[in-house]
Amino acid sequence: MEQYGFYFDSERCTGCKTCELACKDYKDLGTEVNFRRIYEYTGGQWNQQADGCWHQNIFAYYMSISCNHCADPACTKVCPTGAMHKNADGFVIVNEEICIGCRYCHMACPYDAPQYDAQKGHMTKCDGCYSRVKSGQKPICVDACPLRALDFAPIDELRTKYGTQASIAPLPPTDITQPNLVVKPNKYARLSGDTSGFLGNPREV
């Protein structure tokens, strides 16, 4: 089994959300379901110095995240029907025909990848554009990015090319589920577990 994964360049990303919208359009998703989400992590403050001048250490950067098709997915472990599973090609997918919509997978996933579709009455999620990949194409989010901040390939190739870093705030540490994700950190990036910043767009994600 050749495991695929995503690469994300946080230095290039401007938070335009083209990847998110391309996914919604391609998958015909409703307003309440987002398979790919853009997180804005921001922080810092202004401090007045003794001479009256102001000094700032404000920072902000974006993270584009979908399902990471983890090596040790938490979502599959809690699914009572086996609907959420990792297929032979390494993609974590949901069998919508047997999913009962209990949302345990959503509660277990540290990346909020499984999404409940109220119209369908069961869970849905990013499938890595499995059909496109099988035909030799990239996922729609990767092809849509105008800054080429996303890539998708066998994870061993991505790690050889870009490194292994993926524990970037506001994401959780990688040892929880071993995500098949590589991140090129923004110059302002903080490591997972950082408390100096906060999520700047909580209602969007």
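Cβ from N, Cα, C; glycine included.
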Residue in Cys13, Cys16, Cys23 which Swiss-Prot records at the [4Fe-4S] cluster 2 site where Cys126, Cys129, Cys141 also bind: Cys23
Listed in Swiss-Prot for the [4Fe-4S] cluster 3 site shared with Cys67, Cys70, Cys75, one of Cys19, Cys109, Cys145: Cys109
Beyond the flanks of the domain '4Fe-4S ferredoxin-type 1' (4-32) by 6 or more, those residues with Cβ under 8 Å of it: 38, 40, 61-66, 68-69, 89-91, 117-119, 124, 126, 128-129, 133, 140-155, 158, 161-162, 168, 179-187, 189
Binding-site residues: Cys13, Cys16 - member with fewest neighbouring CB atoms within 10 Å: Cys16
Distant-in-sequence neighbours of the domain '4Fe-4S ferredoxin-type 2' (57-89), which means Cβ under 8 A and at least six residues beyond its ends: 1-6, 8, 10, 13-15, 19-20, 23, 35-46, 95-100, 102, 104-111, 113-114, 122-123, 125-128, 130, 134, 141, 149-150, 168, 170-171, 176-181, 183, 186, 188-189, 197, 200
Other C-beta atoms that fall within 10 angstroms of the C-beta of Cys109 ([4Fe-4S] cluster 3 binding site): 25
